[in-house]
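Visitor: From TrEMBL, here are the annotated features:
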- 20-39: transmembrane segment (TRANSMEM)
- 56-432: domain 'Ammonium transporter AmtB-like' (DOMAIN)
- 75-94: transmembrane segment (TRANSMEM)
- 100-122: transmembrane segment (TRANSMEM)
- 134-153: transmembrane segment (TRANSMEM)
- 159-180: transmembrane segment (TRANSMEM)
- 192-210: transmembrane segment (TRANSMEM)
- 230-249: transmembrane segment (TRANSMEM)
- 261-281: transmembrane segment (TRANSMEM)
- 311-334: transmembrane segment (TRANSMEM)
- 355-374: transmembrane segment (TRANSMEM)
- 405-426: transmembrane segment (TRANSMEM)
């Protein structure tokens with residue numbers, strides 16, 4: 001009898017000639033059917049807006065589109081350009097980094113619109129009403145799966161990534177509903193819901209898909225000069241637009257304004273401590289590009305939960321200061337430790353950029369919420385910031401702090417538990433993933449042009465022209 005482990009570890013076949021087209025076509029067809037059954041425009045994007053506007057004495061400029069679209073645009077750029085290019089640092093896996101990011105984000109946002117719609121936006125006649133805020137929330141949902149992809153970069157097939165996204169979006173929608181609606185935790189920028197969940201989801205899947213002979217691909221598990229520059233483009237897009245990410249779904253007015261300021265300051269502070277720690281622990285004080293590409297963003301992650309709270313400008317700088325240190329030390333010490341002793345192979349170091357700073361963000365949010373007072377917020381400000389309305393109208397800040405901590409625990413449980421289950425499914429030998437000696441290479445799934453041959457040809461041509469001139 002062949003046991004499960006032997007079946008999962010048998011020889012790999014990377015041919016996705018039938019499985020990838022089948023998954024893409026069948027799942028997209030399913031999306032079309034489900035959208036036909038459930039999805040409708042909301043009152044602000046429907047043609048009846050004109051009547052609604054007149055009846056409610058509104059103007060077109062009061063349509064939510066004009067408030068939310070700039071933030072949506074920034075978040076959309078972060079998802080496709082920021083995350084995509086951040087993953088192009090591997091010397092032979094740039095197509096896979098940016099291309100598979102594109103694929104799973106495009107599928108994921110459709111499934112996210114449905115999953116989140118069923119939990120949050122169903123109306124009386126069983127339809128999901130879609131508007132600009134739904135698009136932002138779908139992008140947030142996708143971000144969790146893109147974070148998880150970071151841990152698996154170069155080691156999985158596109159079919160596995162589609163499965164990872166299908167289950168990841170489903171888990172995300174459930175944990176988000178529990179944290180935001182049931183527990184009533186606040187998490188505007190998603191430190192808990194997006195980063196903690198996505199980080200530990202990816203790490204748990206990676207643990208389940210541990211490759212004992214991954215060192216056979218170590219020749220490709222690094223960067224070259226130009227791939228690091230490409231990855232830095234992703235970093236800068238993420239860094240610039242992170243204030244939009246954390247403030248995108250905050251309340252109009254002071255909440256959104258404050259979230260942008262808090263994130264802006266956290267990010268600025270993180271850069272200096274990242275550079276400091278990187279230089280301190282490298283030989284001759286030289287900087288490591290891995291730290292500059294990733295750890296400089298940790299402050300944006302940690303600012304997420306408390307983004308709309310009265311964290312105070314100096315508080316933001318302290319959070320950023322700490323995150324730069326924690327994240328960079330994570331790259332130097334924790335990542336090698338986790339690979340050697342815990343059998344977690346984390347290609348992009350998502351534990352240091354998303355998981356740990358996400359937990360820090362959740363803790364900062366709990367402390368900030370618990371210490372909130374009428375003196376600092378004012379009575380209406382307190383009610384508005386923490387949404388102390390309806391069945392939560394008698395809630396006090398100290399209780400809210402406890403609920404914030406509970407939300408962090410839920411994110412951790414869903415990330416780790418869900419990752420282990422999905423990892424077990426992805427271990428089945430049917431997904432076309434590469435062998436241990438064939439990872440981090442675009443040749444497996446992409447038509448790659450032969451750039452090495454073209455360079456000597458250009459040099460020969462230049463030499464020929466120079467000799468002719470002489």
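Keep in mind that glycine also has a Cβ here, set from the backbone N, Cα and C atoms.
A TrEMBL annotation is a machine prediction, not a hand-curated record.
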Visitor: Other than its close neighbours in sequence, what residues sit by the transmembrane segment (311-334), given a CB gap under 8 Å and a spacing of at least six beyond its ends?
Guide: 261-263, 265-274, 276-278, 281, 288, 290-291, 294-296, 298-299, 301-303, 349, 351-353, 356-357, 360, 364, 368
Visitor: Below 8 Å between Cβ atoms, which of the listed ranges 20-39, 192-210, 230-249, 355-374, 405-426 makes the most pairs with the transmembrane segment (159-180)?
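Guide: It is 405-426, which has the most Cβ pairs under 8 Å.
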Visitor: Any contact between the transmembrane segment (355-374) and the transmembrane segment (75-94)? By contact I mean 3+ C-beta pairs closer than 8 Å, pairs at least 6 apart along the chain.
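Guide: The transmembrane segment (75-94) and the transmembrane segment (355-374): touching, no.
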Visitor: So which of 20-39, 75-94, 134-153, 192-210, 405-426 has the most C-beta pairs under 8 Å when paired with the transmembrane segment (230-249)?
Guide: 75-94
Visitor: Which residues, given as numbers and ranges, are at least 6 beyond the ends of the transmembrane segment (192-210) yet have a Cβ under 8 Å from it?
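Guide: Tertiary neighbours of the transmembrane segment (192-210) are 140, 143-152, 155-156, 164, 168, 171-172, 175-176, 179-180, 185, 301, 304-305, 342-346, 350-351, 353-359, 361-362, 365, 407-408, 410-412, 414-420, 422-424, 426-427, 433.
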Visitor: Give, as a single whole number between 0 and 100, the mean pLDDT over the domain 'Ammonium transporter AmtB-like' (56-432).
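Guide: Value for the domain 'Ammonium transporter AmtB-like' (56-432), mean pLDDT as a whole number: 94.
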Visitor: Please work out whether the transmembrane segment (75-94) lies in contact with the transmembrane segment (134-153), by counting C-beta pairs under 8 angstroms that are 6 or more apart in sequence and asking whether there are at least 3.
Guide: yes
Visitor: What residues in the same chain, six or more past the boundaries of the transmembrane segment (134-153), come closer than 8 Å to it by Cβ-Cβ distance?
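Guide: Same-chain contacts beyond the ends: 42, 68, 71-72, 75-76, 78-79, 83, 86-87, 90, 93, 96-97, 100-101, 104-105, 108-110, 112-113, 115-117, 120-121, 128, 160-161, 164-165, 168-169, 172-173, 176, 190, 193-195, 197-199, 201-203, 205-206, 209, 248-249, 344-351, 353-354, 419, 440.
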